[in-house]
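Remarks on the structure that follows.
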Amino acid sequence: MLQLLTSSQTREADAHTIKNKPISSLDLMESASNAFIYAFKQDVPTIDSLISVYCGTGNNGGDGLAIARLLKENAYDRISVKIARFSAKESADFSANLERLKLTGIPITEITNTDVFPEENAEVIIDALIGSGLNKALQGDLKSLVIHLNQLQKKVIAVDIPTGLPSEGPIDPDACILKASLCVCFQRPKINFFFPESAKALERFKVVEIGLDEQFIQSQAGPWKYIEEKDIRYSIKPRKAFSHKGTYGHALIIAGYTETMGAALLCADACLHSGAGLTTACIPENGYSALNSFAPEVMILPRSELILGKSLEKYSSIAIGPGLGTDKEATDLLEYVLNFNKARIVIDADAINILAANTELLTKLPKDCIICPHVKEFDRLFGKSNSWWDRVTLALKKAKEFNLIILLKNQYTFIVTPDGDILINPTGNPGMAVGGMGDILTGMIASFLAQSYPAIEAAMLAAYIHGAAGDQLIQMNSIPPRYITEQIPALIKRFTAPD
Ligand SMILES: NC(=O)C1=CN([C@@H]2O[C@H](COP(=O)(O)OP(=O)(O)OC[C@H]3O[C@@H](n4cnc5c(N)ncnc54)[C@H](OP(=O)(O)O)[C@@H]3O)[C@@H](O)[C@H]2O)[C@@H](O)CC1
Ligand SMILES: [K+]
């Protein structure tokens, strides 16, 4: 997993690298600027594009100056540089790069007040005004410049981070930020890129290596971790020779109601496709024939039998909630399952709403129980938050308090653990924003739990593979959740095979 850094940790990684590797700070800037150029060339391959580089006077601005010079070396020769000089300060590497730039003949304009802005006919603007050194909200002259640049509606490519966006912490909905179509960021994505509020700052990002000390970065403390494919390959176990269905556990799916039987079918079918040896669905009687024709491999535990107190002993995992309803019977079922606290449990959908209405049940959740709320379910359960940063921080507190794993759904799903980690899932796409998608995920988690994966791994594998299945169908505008299920077995097999 990639350890993500706060802006102060990034500064430490920067200082550590300069101190311990044979590289000077100026050369590190050169390396970062070269890495930017590599990504830039893929995005703007036309060398006669008209490009304007806006630079502040800190190190982000220093990068901008070096980038302008390197662009020229790479045959982009319709470049101009604008320096926003609203204070007398400049960093040493900015000054050094300014001297180097002056030797290239690239036109440089200094903007010292905002009464008149220089005319701008560039097709591409490179934003090197402020990077990770942002220390307050934009105001005054710089804010006026950013508002002006936003109004031009040009293609903007940001260096490291869009000017005005904090690297971490709550994103003020009214913050003035230079909107980028692409951000090329250095070594690690910024934590704030993963929150929906960052959509006002950037459309997409690319991460480029600049040569910071990886060992140092990975040894940093902090909850934010980014899941990679190799984590999935490392966790997932191939099926063994001479194994039988008993080897892979028995999952019970307690889901469905007259009007919402589909949720139970989708959930049970996804569980089956994710490798559980046996899957049983506990549904009301009016769903039997639908289940038998949709997924004949899935067995049935009559809902009425569970209500009468059927033992749960034989199940290796339990999923409860999709399409369950929130009436008295559903509440009793959840309480029954929680009282039988030996099982490995995943709680979703209506069962989360039942928890929200009966918060005393939270104390009955077994250790390492997984809940997988979407934003509304999360807010209903734990209260409203003003920002996604606050919401995830609250999730961290609740995960510790109740010994829970909270899988908080988002374009980048957050898996928040009782040990204080926040695992960010990189897979998935907006085509997956379709009802029923969560039921598939819950079935997958139940399946991995049944197969004896530790709970955090079960959540991680399910989130990653679910999203990866969606990414395989990226050509579809919207993806019916059933199609995700079809992808699962081959995807799992692929992750068990050598690279
Ligand atoms: N670390 C790395 O890995 C590497 C980092 N590199 C690069 O360095 C960048 C970080 O550089 P940095 O630390 O010099 O800060 P930077 O973003 O230029 O901003 C500082 C300037 O902005 C100003 N300022 C701040 N807020 C303001 C506001 N609201 N409104 C107005 N002004 C404001 C602040 O002024 P002050 O508040 O101090 O008066 C100061 O002048 C990083 O993003 C990356 O691009 C690479 O070169 C190499 C490897
Ligand atoms: K920037």
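Note: Cβ is positioned from N, Cα and C throughout, glycine not excepted.
Worth saying up front: this structure is predicted, and the values here are computed from it rather than measured.
Binding site for AMP per TrEMBL: K409, N410, Q411, Y412, T413, plus G438 from the candidate set G383, G438, G443, G470. When D14, D27, D93, D127 are compared with the K(+) site residues N60, T163 in TrEMBL, the one appearing in that site is D127. Under 8 Å, Cβ to Cβ, and six or more positions away along its own chain, N410 (AMP binding site) finds F194, F195, P196, V375, W388.
The AMP site is set by K409, N410, Q411, Y412, T413, G438; from the centre of their CB atoms, other residues of the chain with a CB within 8 Å are H374, L408, F414, N425, G428, A463. You'll find the Cα of D127 (K(+) binding site) roughly 32 Å from the Cα of K409 (AMP binding site). In sequence order, M29, S91, D93, F94, G131, G133 make up the list of same-chain residues 6 or more apart from N59 ((6S)-NADPHX binding site) whose Cβ falls under 8 Å from its Cβ. Compute the center of the Cβ atoms of N60, D127, T163, which mark the site for K(+); besides them, the chain residues with Cβ within 8 Å of that center are Y54, G56, G61, G64, A128, L129, I130, G131, A158, V159, D160, I161, P162, L178.
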